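Chemist: Quick one: structure below, then a few questions.
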Protein chains: 2
Amino acid sequence: MEKTLVFGHKNPDTDTICSALAYANLKAKLGVHAEAARLGEVNKETQFALDYFQVEAPVFIEAVPEDVKDVILVDHNEFQQSVSNIKDVRITEVIDHHRVSNFETKEPLYFRAEPVGCTATILNKLYKENGVAITKEIAGLLLSAIISDSLLLKSPTCTQEDIDAAHELAKIAGVDLDKYGLDMLQAGADLSDKSAQELITMDAKEFAMGNAKVEIAQVNTVDASKVYELQSELEEEMDKAINDKGLDLFLFVVTDILNNDSEVFARGTGKDKVEEAFGASLDSNNRALLKGVVSRKKQIVTALTDAFTK
Amino acid sequence: MEKTLVFGHKNPDTDTICSALAYANLKAKLGVHAEAARLGEVNKETQFALDYFQVEAPVFIEAVPEDVKDVILVDHNEFQQSVSNIKDVRITEVIDHHRVSNFETKEPLYFRAEPVGCTATILNKLYKENGVAITKEIAGLLLSAIISDSLLLKSPTCTQEDIDAAHELAKIAGVDLDKYGLDMLQAGADLSDKSAQELITMDAKEFAMGNAKVEIAQVNTVDASKVYELQSELEEEMDKAINDKGLDLFLFVVTDILNNDSEVFARGTGKDKVEEAFGASLDSNNRALLKGVVSRKKQIVTALTDAFTK
Ligand SMILES: [Mn+2]
Ligand SMILES: [Mn+2]
């Protein structure tokens with residue numbers, strides 16, 4: 001049987017890595033020759049989860065290898081967030097919880113997107129729908145994904161389904177949800193060894209908004225002021241990315257996981273759109289504190305898309 | 001509660017009408033203020049099903065009314081097949097079994113596409129997943145949709161899931177699957193009162209293939225030669241559509257529901273692509289008999305898209 005690769009988005013986060021592993025596991029149990037892959041480095045938060053549940057990271061790929069024809073996308077659908085040669089392969093399935101955009105297929109496929117906080121919540125359902133029991137390891141991975149995407153069930157993207165799934169999975173995984181969750185988030189919030197270049201790329205996603213090209217990078221921290229000690233280096237790297245990729249806006253989002261706020265830093269000709277989108281003024285450092293804003297998807301992309309398209 | 005409209009594609013077929021009615025019924029039972037709508041005339045085949053199960057046709061709309069903000073699409077996702085002001089409303093759900101193309105949203109949504117033969121087969125599942133019992137009338141509608149899309153379970157798009165659903169639903173609906181199915185298909189195959197203009201529009205869909213704009217109209221019949229008595233009028237109407245819409249190809253597909261063949265008629269600068277796609281020669285009337293070809297989606301759109309994009 002030909003191999004099907006299962007992978008999430010570039011600059012993988014915990015949901016992307018864990019959902020790729022879990023869905024490859026489910027597909028394998030259903031008789032498909034499926035293998036998980038990743039499009040980038042495993043971050044510290046995800047590594048904490050993999051270590052805790054003793055699961056190996058998926059294999060790294062730059063592009064889909066020539067001998068693989070079929071792929072399954074998890075946790076994303078927009079082609080610019082996917083593998084470079086996505087248009088040359090057949091997408092047989094998508095499991096996702098994002099908006100649908102810049103995506104198309106030639107043939108019918110299984111496309112399952114739900115407006116929940118995390119891909120893993122949908123996968124938890126798919127295990128049940130297919131009558132496959134979830135092991136302790138897989139439960140741990142799915143739980144970690146939900147904790148990550150929902151900032152320990154506090155993000156506005158978090159739904160009752162995510163909360164129920166998290167509690168269910170914590171039981172199977174044999175961990176205390178709050179204790180494990182905070183430990184995992186804090187492992188990811190340790191940015192002390194990151195260069196400015198790493199900070200603006202480790203969790204960056206590119207979006208088309210009207211005719212504008214917008215890149216939004218996000219990091220979690222317990223102390224935003226520490227991150228902004230690198231203000232001038234960050235500015236330099238962001239301007240470089242703007243030039244290299246022809247961006248209209250680069251927005252760097254530093255999210256405080258204890259206070260659930262974000263301090264954003266905007267560069268590019270489109271930075272007035274940030275003020276417009278959030279009714280906030282950028283200070284002399286081009287930064288603004290957005291109270292209660294933690295979700296790129298639900299609070300930032302939607303508001304910015306409105307500002308760029310109206 | 002604000003009203004959510006549920007509708008299928010333009011030039012509605014039996015799956016589009018019956019799935020809109022059935023899904024509006026399910027959503028209503030789940031507490032959503034949902035109402036089915038249609039974007040065009042009810043054809044004879046669909047009317048046979050509605051009459052048989054004594055269900056009223058959905059309300060006709062030209063565009064989504066100003067006071068409606070949320071819509072649910074069934075049996076399609078491509079915007080050019082949808083309501084004219086689709087970009088001005090929020091799509092909260094899609095239930096479909098076609099390729100995904102020319103579709104996007106600003107926000108996450110529930111998007112459920114499966115590579116099965118009929119939208120109604122997915123709806124049969126959704127009733128079960130939501131623990132809602134299917135009434136005799138709804139079973140009749142869903143069954144009619146499956147019979148229509150699968151040409152009585154004979155189309156290559158028909159999967160085991162469609163077959164199982166059809167038998168299950170026939171029991172609830174209290175009909176003999178084969179007898180009811182043939183009666184319904186023959187009601188739709190009566191084209192005796194159709195003008196050439198009606199024949200090329202009653203089940204027509206437009207597709208983007210590479211840079212080409214292609215319109216494919218399909219009719220079912222028990223005698224293709226009868227339809228082609230109107231050859232010259234058909235040619236005139238097709239050329240008019242090509243001019244008006246700037247089409248590269250208009251393909252008229254006459255499907256024989258007894259022999260499961262199609263005699264196609266091609267007009268437009270792209271008609272050599274038809275020969276390329278099917279390895280068939282168009283005769284002096286620009287027609288060709290395609291043995292065993294009955295599915296626009298699985299056999300025609302895919303082959304033509306390949307020919308236009310390679
Ligand atoms: Mn996610
Ligand atoms: Mn259909």
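Keep in mind that glycine also has a Cβ here, set from the backbone N, Cα and C atoms.
Keep in mind that what you see is a predicted model, and the values were worked out from it rather than measured.
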Chemist: Taking B:Asp75, B:Asp88, B:Asp96, B:Asp162 as the options, which does TrEMBL list with B:His9, B:Asp13 at the Mn(2+) 1 site?
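Modeler: Looking at B:Asp75, B:Asp88, B:Asp96, B:Asp162, the one TrEMBL places in the Mn(2+) 1 site next to B:His9, B:Asp13 is B:Asp75.
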Chemist: Going by TrEMBL, B:Asp15, B:Asp75, B:His97 bind Mn(2+) 2; tell me which of B:Asp51, B:Asp149, B:Asp164 is listed for that site too.
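Modeler: Of B:Asp51, B:Asp149, B:Asp164, B:Asp149 joins B:Asp15, B:Asp75, B:His97 in the Mn(2+) 2 site that TrEMBL records.
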Chemist: Show me the subset of B:His9, B:Asp13, B:Asp75 whose Cα is within 10 Å of B:His97 (Mn(2+) 2 binding site); these are the binding-site residues I mean.
Modeler: B:Asp75
Chemist: Check each of B:His9, B:Asp13, B:Asp15, B:Asp75, B:His97, B:Asp149 (the binding-site residues) against chain A and write down, in sequence order, those whose C-beta lies under 8 A from a C-beta there; write 'none' if there are none.
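Modeler: From B:His9, B:Asp13, B:Asp15, B:Asp75, B:His97, B:Asp149, the ones near chain A are B:His97.
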Chemist: Would you list the DSSP helix, strand and coil counts for the residues of the domain 'DHHA2' (B:181-308)?
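Modeler: Residue counts in helix, strand and coil order: 56 helix, 35 strand, 37 coil.
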Chemist: Rounded to an integer, what is the Cα-Cα distance in Å between B:Asp149 (Mn(2+) 2 binding site) and B:His9 (Mn(2+) 1 binding site)?
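Modeler: So the alpha carbons of B:Asp149 (Mn(2+) 2 binding site) and B:His9 (Mn(2+) 1 binding site) sit roughly 14 Å from each other.
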Chemist: Between the Cα atoms of B:His9 (Mn(2+) 1 binding site) and B:Asp15 (Mn(2+) 2 binding site), find the distance and write it as a whole number of Å.
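Modeler: Taking the Cα atoms only, B:His9 (Mn(2+) 1 binding site) lies 10 Å from B:Asp15 (Mn(2+) 2 binding site).
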Chemist: Within the same chain, and leaving aside B:Asp15, B:Asp75, B:His97, B:Asp149, name every residue whose CB is within 8 angstroms of the centroid of the CB atoms belonging to the recorded Mn(2+) 2 site, in sequence order.
Modeler: B:Gly8, B:Asp13, B:Thr16, B:Ser19, B:Asp96, B:His98, B:Gly117, B:Cys118, B:Thr119, B:Ala120, B:Ala145
